[in-house]
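Beneath this line is the structure, given in structure tokens, with notes to follow.
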Ligand SMILES: [Fe+3]
Ligand SMILES: [Fe+3]
Ligand SMILES: [Mg+2]
């Protein structure tokens, strides 16, 4: 992903086209996410940072919805890719029509494991995501064009069109150490 | 550090000169390292990965020596910077003189908080580092020109010159989440 971002520069369409293939390949396999980054919270959905680019050009986050849980209607202000890995998620798209006017609801679709949805201010940025399975958590892996937990963005009241500032943060103080390749290097030396 | 590595390309002398200033500024302040990355092990020194560059061009590691603890005599095969933050460390330099010949001991010096030592195959790469305070742990922050825990390097027997393969790995499965700037962004929005 680092190499893609560096070679694509700011070409969002190319990032999304290429990135979608890579994210789909990643979430087709549900055998790599440590359990502590797939843990639902009893009261609300969780977002766990897995990786952030050192220049904050992108971030990778696992989202976990318990049964019945949903996000507020929100935007991102940057490109984003939502890849479902476990369970299923209901995405509802909205269009903002101005302060004081209700949001217009758009396409609704259910994402299954391996499927990827795209958002951005260019292609449609306001949506709501809910767990679409009744009794189990759903887990998806998201990639965004910024350090998404630190982005000043917005939540919307669908009935009134009211817009409020939103900075999501992250639920986790510790990231997975994906860099300890020592066992593999030792094995290759012994071979 | 990412910007320095990108602008310096492979210019090791420039990386060490600039990097030494930044690392010294970092270890002059002992108020930022979470306690779990400063915890000594009762039996041996510890190394905790704090950050790894996504292209493995550099890594940042905290080393913790309990009282009486020491590294083996070892090399790095890449450039490295050792910045002491807490306690004091005794560094002993060695020169390898070939298989079957004892190592030649070189300069010995004690590093105090804020001081930085440099290693590399170009400027001298074989050394041993020990805790130089008798009753407390010492903590230093190291920066290396690779994902150091996954580098195939060597330990040396100083008496016989015997060389053995060495892949250090890391003690930690979880990295600090240094990316949650949400509180600061929320505060700036409220201001
Ligand atoms: Fe979203
Ligand atoms: Fe060393
Ligand atoms: Mg869409």
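For all residues, glycine too, the Cβ spot is worked out from N, Cα and C.
Residues B:74, B:76 are given by TrEMBL as Fe cation binders; from B:127, B:135, that same site also lists B:127. Taking a C-beta cut-off of under 8 Å and a sequence gap of six or more, residue B:127 (Fe cation binding site) has these contacts in its own chain: B:73, B:74, B:91, B:92, B:93, B:94, B:119. If you draw a 10 Å sphere around the CB of residue B:74 (Fe cation binding site), it holds 19 other CB atoms from the protein chains shown. According to its DSSP assignment, residue B:76 (Fe cation binding site) is coil. Same-chain residues with CB within 8 A of the center of the B:74, B:76, B:127 CB atoms, the Fe cation site residues themselves not counted, are B:71, B:73, B:75, B:80, B:119, B:125, B:126, B:128, B:129, B:153. Remark: residue B:76 (Fe cation binding site) has B:119, B:120, B:121, B:125, B:144, B:148, B:151, B:153 as non-local neighbours, by Cβ distance under 8 Å and separation of at least 6 in sequence.
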